[in-house]
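K.L.:
For reference, the structure I am asking about is given below.
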Amino acid sequence: FILVRFSEKPYLEKILFWVVLIFYCLTIAGNMLIILVTSKDPKLHVPMYFFLCNLSLLDLCFTSSCVPQLLVNFWGPEKTISYIGCAVQLYVFLWLGATECVLLVVMAMDRYVAVCHPLQYTAIMHPKLCLQLAILAWGAGLVQSLVQSHATLQLPFCPHRRVGDIVCEVPALIQASSADAAYNETQVSVASILFLVLPLVLTLPSYGAAAEAVLRIKSAAGRREAFSTCASHLLVVFLFCGTATAVYLQPKNRCAQEQGKFLTLFYTIATPALNPLIYTLRNREIKGALIRLGRRTWDSQN
């Protein structure tokens, strides 16, 4: 397949190469740090940070499924990707993207229980349920990927094999098909509603109820901490699901395709890099865990 240029100006792609590389390095460093801290600090062995560790692992794998190929294409004149490479990227990219959508709903539910039912939180969100919810998220994403990716790759493609995107995504591959893809387009619409629109619809009421419960907290410090945590989660949901929804439910025209490239770049590059910053800068417990980890590392070396 031939992945089309991001821009008609080659020098812009050179600049984007360094921008994407910097964001990719931030993604790797930030998410690996969160995984390390949440796994090493016993105080963070609670449901919220278990799901946050899953999110960091997801972001690491999600961005790594497409960024290396993207960097190669940005740097050189060749914009090609093999059929096998495109198929693997499609399966993994769709699997992890759908999983993240489900996981964000699970994290919203966790925050709702923590804020609205604090006394029953430990009993409700017990380790077995947390593990089952994580498996549900990863499993639902995998089923979605197997079904939709297989249906997309069964399409006959135009001889030129030009894909109107910077990665192998379902909407771009459907547009590169030489056959009637009405069934596939319907499948994309249904999947987008289930994995993108529905998470937003389910997330907003849960955080609305959590905000109402926060306002009843008498302690000003408690209100600030609860609002900060919920705001961080809600921001991540909008950054990822909002931009992905715009890509998968956009109209099929040239202007929308050009906008789709920027949105794809945002939710595959920027969002995974911003997530660790959003959670660490607004989270007192993560900051404390980082300090404790740094002290233990210093003591062990001295």
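Here the Cβ of each residue, glycine as well, is placed from N, Cα and C on the backbone.
So TrEMBL has the following annotated:
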TRANSMEM  15-37  transmembrane segment
DOMAIN    30-279  domain 'G-protein coupled receptors family 1 profile'
TRANSMEM  49-75  transmembrane segment
TRANSMEM  81-108  transmembrane segment
TRANSMEM  129-147  transmembrane segment
TRANSMEM  193-215  transmembrane segment
TRANSMEM  227-250  transmembrane segment
TRANSMEM  262-281  transmembrane segment
K.L.:
Please work out which recorded stretch in 49-75, 129-147, 193-215, 227-250, 262-281 has the most C-beta pairs separated by under 8 angstroms from the transmembrane segment (81-108)?
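P.N.:
Ranking 49-75, 129-147, 193-215, 227-250, 262-281 by Cβ pairs under 8 Å to the transmembrane segment (81-108) puts 129-147 first.
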K.L.:
List, by number or range, the same-chain residues at least 6 past the transmembrane segment (193-215) whose CB is under 8 A from its CB atoms?
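P.N.:
Answer is 97-98, 101-102, 104-105, 108-109, 111-112, 115-116, 144, 223, 226-227, 230, 233-234, 237-238, 241-242, 244-245, 248-249.
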K.L.:
Are the transmembrane segment (227-250) and the transmembrane segment (15-37) near each other by the rule of at least 3 C-beta pairs under 8 angstroms (pairs 6 or more apart)?
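P.N.:
These two segments do not touch.
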